[in-house]
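**Q** Found this in TrEMBL, in case it helps:
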type	residues	note
TRANSMEM	12-31	transmembrane segment
TRANSMEM	43-62	transmembrane segment
TRANSMEM	68-89	transmembrane segment
TRANSMEM	101-118	transmembrane segment
TRANSMEM	138-158	transmembrane segment
TRANSMEM	170-189	transmembrane segment
TRANSMEM	195-223	transmembrane segment
Amino acid sequence: MNLSFFDQFSSPSLLGIPLILIATLLPALLLPSPNNRWITGRLSVLQLWLINLITKQLMIPLDKKGHKWALIFTSLMLFLLLTNLLGLLPYTFTPTTQLSMNLALAFPLWLATLLTGLRNQPSVSLGHLLPEGTPTPLIPALILIETTSLLIRPLALGVRLTANLTAGHLLIQLISTATTVLFSTMPAISFLTLIILFLLTILEVAVAMIQAYVFVLLLSLYLQENI
């Protein structure tokens, strides 16, 4: 029984072929297709409003040098947002519960921000490893600590997204299982767990949106340190 709870996080396959690629491409199919007209309907208006809002929020902490990253960050934000929300539907698979995929998104973008800083302002980027006014005996230890904290940033990004989504999905499955089992024996308790399940689902929708925003926001803050 306990092992079956984690079956939802295994990548689905058909005839031995992993279907995770289809799961990652599905959010793109939900967006309106390009047209000669700027606005073709209410869905297009909502899409443009959402993209404008996301871009504005992500670009606030960045100066003009970082605005060239707007397309990358906005696309990543929409991808994570749609993927996380689609994963809450029944009989669906959430690719962002896979640590390997989250690290594949976090590591290249973090490395790109780091290389941008080393190319444009190497002295300032390396200066972050040693704050001004550090006592001389603490310099080697502090450099080691700051370097370690810098290198674990992509791991923290991937683990944060994976852990939050995995925990929410497990709680939903546990409570839904309890609701089904208790329905025949204790209907009152089953109804109470159903209410808890409904509230938890609302909370998980909020977590899915917040985690997508936090993931991209932290990348934008890392970029801000290097431009």
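Placement of Cβ uses the backbone N, Cα and C atoms for every residue, glycine included.
Tell me what's around each of these sites.
**A** Beyond its flanks by at least six residues, the transmembrane segment (43-62) meets 31-32, 35, 69-70, 73-74, 77-78, 213, 216-217, 220-221, 223-224, 227 of its own chain at Cβ-Cβ distances under 8 Å.
Taking Cβ pairs closer than 8 Å, the transmembrane segment (68-89) reaches residues 23-24, 26-28, 30-31, 50-51, 54-55, 58-59, 62, 95-97, 105, 109, 161, 165, 169, 172, 201, 204-205, 208-209, 211-213, 215-216, 219-220, 223 in its own chain, all 6 or more past its ends.
Here the transmembrane segment (138-158) has long-range neighbours at 99, 102-103, 105-107, 110-111, 114, 128-131, 215, 218-219, 222, meaning same-chain residues at least 6 beyond its ends whose C-beta is under 8 angstroms from one of its own.
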**Q** Restricting to the same chain and to residues at least six past its boundaries, which positions have a Cβ under 8 Å from a Cβ of the transmembrane segment (195-223)?
**A** 57-59, 61-62, 66, 69, 73, 76-77, 80-81, 84-85, 87-88, 105-106, 109-110, 113-114, 116, 153, 157, 160-161, 164-165, 168-169, 171-172, 175-176, 179
